[in-house]
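The substrate binding site annotation in Swiss-Prot covers 8-15, 21-22, ARG60, 87-90, LYS98, 114-115, 183-184 and rests on sequence analysis. Annotated active site, tele-phosphohistidine intermediate per Swiss-Prot: HIS9, in sequence order. Feature annotation from Swiss-Prot assigns active site, proton donor/acceptor to GLU87. According to Swiss-Prot, the feature site 'Transition state stabilizer' maps to HIS182, an assignment based on sequence analysis.
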Amino acid sequence: MYKLVLVRHGESEWNRENLFTGWTDVKLSEKGISEALEGGRVLKQNGYSFDIAFSSMLVRANDTLNIILRELGQSYIDVEKSWRLNERHYGALQGLNKAETAEKYGEDQVLMWRRSYDIPPMPLEESDKRHPIHDLRYKGIPKSELPSTECLKDTVARVIPYWTDKIAKAIIEGKRVIIAAHGNSLRALVKYLDNMSDDDILKLNIPTGIPLVYELDQDLRPIKHYYLGDEDKIKAAMESVANQGKKK
């Protein structure tokens, strides 16, 4: 049996302000730093240690991972970063308030943009300075692969090849793996691992900073999964994520 730990980054400054973030590089809030610290403590209390870590190219996930590894006394382990683990690109919604957007377009429309499988928001124009083609961290990636907007289906299409080529291979080699990423890149992976339907993924909410453990068989099929931490806090955190796209 293998174990895999997934962690969504702690609350970011834009999570706190209820803004669509996507590929915008936003720091952790004070609460997010505390969440990452608590995630590290819970992992340490439960005896977890790791051989390799994977993260995105975005600072909120990187900082969450660094805080967790410091808590574990494991800042020395290898960390591999990839744009393929970035948050889903929210296109022209990036920077907009979720509740205000729900007031304008309706809660149902915002829910579809946030949680549906195959409906992307309006795209960014390539001339927009927020477009990833203008970000130096992605200069080695073909422009055709950098998104102007994404639905979850698009996110799955970039996450799963990285899972297969890099992460799954590390697990099979016997390495203990932690992934620090984002709500939608982790939803993409969970959908694949659990073979979830397009409808069921709509209801999945992953809370910030709380370690999610997958126990996998020899073929990397899930045996079971569970969050580490206080059950009431976990439930409240999941409800908070679910309510982000509702009107004020």
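Every residue gets a Cβ built from N, Cα and C, even glycine.
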10 Å Cα neighbourhood of HIS9 (active site, tele-phosphohistidine intermediate): matching recorded positions from GLY22, ARG88, LYS98, HIS182, GLY183:
HIS182, GLY183
In all the protein chains shown, the tally of other Cβ atoms within 10 Å of the Cβ of ARG88 (substrate binding site) is 29
LYS98 (substrate binding site), DSSP three-state class -> helix
Students should find that the Cα atoms of GLY22 (substrate binding site) and HIS182 (site 'Transition state stabilizer') sit apart, in Å rounded to an integer, by 9
Relative to the Cβ of HIS182 (site 'Transition state stabilizer'), which residues of the same chain, six or more apart in sequence, are found under 8 Å away?
ARG8, HIS9, SER56, LEU58, ARG60, ALA61, LEU85, ASN86, GLU87, ARG88
Other Cβ atoms within 10 Å is the metric here; tell me which of the binding-site residues GLY22, GLY183 scores highest.
GLY22
If you draw a 10 Å sphere around the Cβ of HIS9 (active site, tele-phosphohistidine intermediate), how many other Cβ atoms fall inside it, taking every protein chain shown into account?
31
Quick one: among the recorded positions GLU11, GLU87, which has the most Cβ atoms sitting within 10 Å of its own Cβ?
GLU87
Including all protein chains displayed, how many Cβ atoms other than that of LYS98 (substrate binding site) lie within 10 Å of its Cβ?
24
Does anything in the same chain, at least 6 positions from TRP14 (substrate binding site), have a Cβ under 8 Å from its Cβ, and if so what?
PHE20, THR21, THR24, VAL26, GLY95
DSSP three-state assignment (helix, strand or coil) for GLY183 (substrate binding site)
helix
